[in-house]
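A.B. asks: Annotations per Swiss-Prot:
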| type | residues | note |
| --- | --- | --- |
| BINDING | 12, 13, 14, 25, 53, 71, 101 | GTP binding site |
| BINDING | 101 | Mg(2+) binding site |
C-alpha cells in the first residue's frame, strides 16, 4: 500500500502563461486567492508534503510556505521540466503532480491513483475523463510517479522529448477514469478566469 506520507505533491507553476497574456497563472486570483493556493489547499490533505515548481515570482510562491524549485532544464521546456525538478528534490518514494491552474481537482485524486498502481502493478497513474461526446481524454499533467522514474525522464528530455503522454506511455501506466471532467478544468485564459469568478 502506498501511504499518504510516502507521497509528495508538486504544484506545476513554471510555465510562461502565454495563453494568459504572459501573466503568472498560479498567482492570478480566483475569489481573492491565488489559483496555485487553491490547488495547494485541494492537494495538501492528500499528500505527506508539498513543493512548487516555478521559474519567476519566486518570492511570491515561497510566501506560500512550501519549498520552491526552478527548472533545471533551460528554456521553459514544459511540464516535464517541472516534473524533473520535482523528482530531483523529492524526499519521498512517490510524487504526484498537479498544474497550478487546477483549483477544482478531485479530493480523492491521489488515493485513486495510488490504488490503481497497486491493483494493476503499474509504475505511473494518470486520470482519464470523458468529454461531452464520450471520448476519452487523458489528463497526464496529473500524474503519480515513483522517484525511480527520474532516470527515464532525464533520458527522455535529453533526447528532445517534451510530451508527458509519450514519456508516461513508456512505463506500465494505469489510467483511472474520473466521472467529473470539470474537476480537471485548467483555467488557461483571463476570460476563463472571469467565468469561474462569477460562478
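Just so it is clear, glycine is given a Cβ too, placed from its N, Cα and C backbone atoms.
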A.B. asks: Take the Cβ of residue 14 (GTP binding site) and count every other Cβ within 10 Å, whichever protein chain it belongs to.
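C.D. replies: There are 28 of them.
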A.B. asks: Of 71, 101, which of the binding-site residues has the most Cβ neighbours inside 10 Å?
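C.D. replies: Counting Cβ neighbours within 10 Å, the top one is 101.
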A.B. asks: According to DSSP, which of helix, strand or coil covers residue 71 (GTP binding site)?
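C.D. replies: Its secondary structure by DSSP: coil.
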A.B. asks: Around residue 12 (GTP binding site), how many other C-beta atoms are within 10 angstroms of its C-beta?
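C.D. replies: Within a 10 Å radius of the Cβ of residue 12 (GTP binding site) lie 27 other Cβ atoms.
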A.B. asks: Within its own chain, what residues at least 6 apart in sequence put their Cβ under 8 Å from the Cβ of residue 53 (GTP binding site), listed in sequence order?
C.D. replies: 10, 11, 12, 13, 14, 68, 69, 70, 71, 82, 83, 85, 86
A.B. asks: Measure the Cβ-based neighbour count of residue 25 (GTP binding site), defined as the other Cβ atoms within 10 Å of its Cβ.
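C.D. replies: For residue 25 (GTP binding site), the 10 Å Cβ neighbour count is 24.
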